[in-house]
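Below is one structure, written out as C-alpha cells; the observations come after it.
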Amino acid sequence: MNDLLPGAVERWQHLEATVHRVLAAYGYREIRLPIVEKTELFARSIGTHTDIVEKEMYTFEDRNHESLTLRPEGTAGCVRAGIENGLLHNQVQRLWYGGPMFRHERPQKGRYRQFHQIGVEAFGMEGPDVDAELILMNARLWRALGIDELVLQLNSLGTPQARAAYREQLVRYLESRRDELDEDSRQRLAKNPLRVLDGKNPAMQEVIAGAPSLLDHLDEASRRHFEGVRATLDAAGVRYAINPRLVRGLDYYTRTVFEWTSERLGAQSAVCAGGRYDGLVEQLGGKSAPAAGFALGLERLAELLSVPAAVAAEASPQVYLALPGSDAERPGLLLAERLRDGGLRVECHCGGGGLKAQLKRADRSGARFALLLGDEELAKHCVAVKDLRTDAPQHLVAQDAAADYLKQRLSASA
Ligand code: HAM
C-alpha cells in the first residue's frame with residue numbers, strides 16, 4: 001500500500017481529470033460507492049473459485065459478527081447499488097466510480113495490495129454497439145493522455161451454456177495431458193478449468209497452446225455479437241489482436257472480454273480490462289439486465305504518463321511573498337489575499353527569519369517570482385518583485401498594481 005507524495009500526486013490529478021473529461025464526453029455519470037461490502041457479494045459475483053475470492057480478499061468480522069470485505073474491485077458493488085436503488089430495471093445507465101481497491105496479492109512492480117481503479121459500467125444495452133463504444137472511449141482516453149503504445153486484446157467467452165459445453169471438451173483435453181500440468185494448473189483443472197488457459201508458467205505454454213479454442217465453440221448469437229464488435233472497431237480504425245486464451249480472472253463475464261496492455265510495464269502489463277457480464281445483475285438478485293464495463297488501473301497508467309509542463313506548473317505557486325520587514329506579517333497576509341483575489345497562486349512566508357532563508361524557501365517553492373515586503377516597501381506601499389528564474393533586475397511596484405503587473409509578466413513569458 002503506497003503513499004502518494006506531492007510531486008507524484010500531480011500526475012494522478014492530471015490522469016484523473018483527463019479520465020473524467022473523456023467519460024463526460026460519452027455521457028457517463030459518477031456514482032460513489034462504499035469501500036466495504038458484505039463478503040458474500042464478492043463470492044457470488046467474482047466467483048468462489050477465483051484467486052481473488054480464494055486468496056486475496058481482506059475479510060474481517062465486524063462487531064456484529066458479520067463478514068465484511070474491503071472491495072477487491074468495483075463492479076460487484078456497482079451492481080449491488082444499482083439493484084438496491086432501482087437504477088437498473090428497464091433502464092439505461094452509464095456509470096463510473098473511482099477509488100481504492102484491495103487485493104492481498106504478492107506485491108511487485110505494478111501490483112499492489114491497495115491500488116486504484118476508475119471503473120465504468122454500462123447497464124441496459126445488450127447489443128455489440130456499447131461494447132465497441134467502451135473500447136472507442138478507451139482509445140480516445142489513450143489519445144488524450146498521450147499514451148500511444150497500448151495493445152488491445154479481444155476475445156469472446158460466449159454464453160454460460162456454450163462455455164459449459166466447451167468446458168467439458170477442455171477438461172477432457174487437460175486430463176489427457178495431466179502429467180504435464182503444474183500444481184497450480186491441476187488445482188485449477190479441478191475447480192475452474194478455464195483458468196488453466198490463463199496460466200503464466202512458461203513450461204505450461206505448449207499445453208495451453210494445444211487446447212481447444214473457446215472461439216470455435218461460440219453459440220451463434222455470441223458469434224454474431226462478437227462480429228458486431230469487431231466490425232465497429234474495424235470501421236473506427238481501432239486495432240486489436242484476437243486472443244482466444246484471454247479468460248479474465250473474474251467469473252462474471254459473458255461474450256466480449258478485452259484487455260489493453262503495455263510492453264513497458266513488465267509482468268503486470270494490463271492497464272485496463274473489462275467486458276460484458278449479462279448474467280450478473282440477475283445473479284445478484286435484480287431483474288435480468290445486460291451490462292458491460294471496464295476498469296482502469298491508475299498506478300499502471302500513471303507509470304506510462306508524462307505530465308505536460310503547463311499542467312505540472314500549476315501545482316506550484318506563481319508568487320512567493322517574502323516578509324523581511326520588521327512588522328510585515330499582517331500587511332503581508334493581507335497583500336497575499338489581494339493578490340489571490342486577482343487570480344494568482346501565492347505562497348505567503350510565515351514564521352519570520354532572515355531574507356536569505358526566506359529567498360531559499362521562495363526558490364524551493366517553485367514560484368516564478370519572489371515579492372519582498374521590507375520596511376522600506378511597507379512605508380511606501382510598494383513591493384519589490386524579484387524574478388527567481390531569470391537575471392531580470394528587481395523592480396519596485398505599487399501594491400495596488402502588483403497583481404496586474406505580475407499577471408502581465410507571467411503571460412508575457414508563457
Ligand atoms: P481486473 O482485470 O481485475 O478487472 O482489474 C482491472 C485493472 O485494475 C487491471 O487491468 C489493472 O490495471 C488494475 N489492477 C488489478 N489488480 C491490481 C493490483 N493488485 N495492483 C495494481 N493494479 C491492479 C476488474 O477489476 C473488473 N471489475 C473490471 C470490469 C469493470 N469489468 C467490467 N466492468
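Cβ atoms are placed via backbone N, Cα and C, with glycine included.
TrEMBL names Glu73, Gly74, Thr75, Gln117, Glu121, Arg248, Tyr252, Tyr253 for binding L-histidine. Of Arg63, Arg103, Arg106, Arg264, the residue it gives for the same site is Arg103. In the three-state DSSP classification, Gln117 (L-histidine binding site) falls within a strand. Proximity of the binding-site residues Thr75, Gln117, Tyr253 to ligand 1, judged by a Cβ distance under 6 angstroms to any of its atoms, singles out Thr75, Gln117 in sequence order.
Within the set Glu73, Gly74, Thr75, Arg103, Gln117, Glu121, Arg248, Tyr252, Tyr253 that the record links to L-histidine, no two Cα atoms are more than 21 Å apart, and one pair reaches that distance. DSSP classifies Tyr253 (L-histidine binding site) as coil under the three-state reduction. The Cβ neighbour count for Glu73 (L-histidine binding site), using a 10 Å radius over every protein chain in view, is 19.
Glu73 (L-histidine binding site) falls within neither a helix nor a strand when secondary structure is assigned with DSSP, and so counts as coil.
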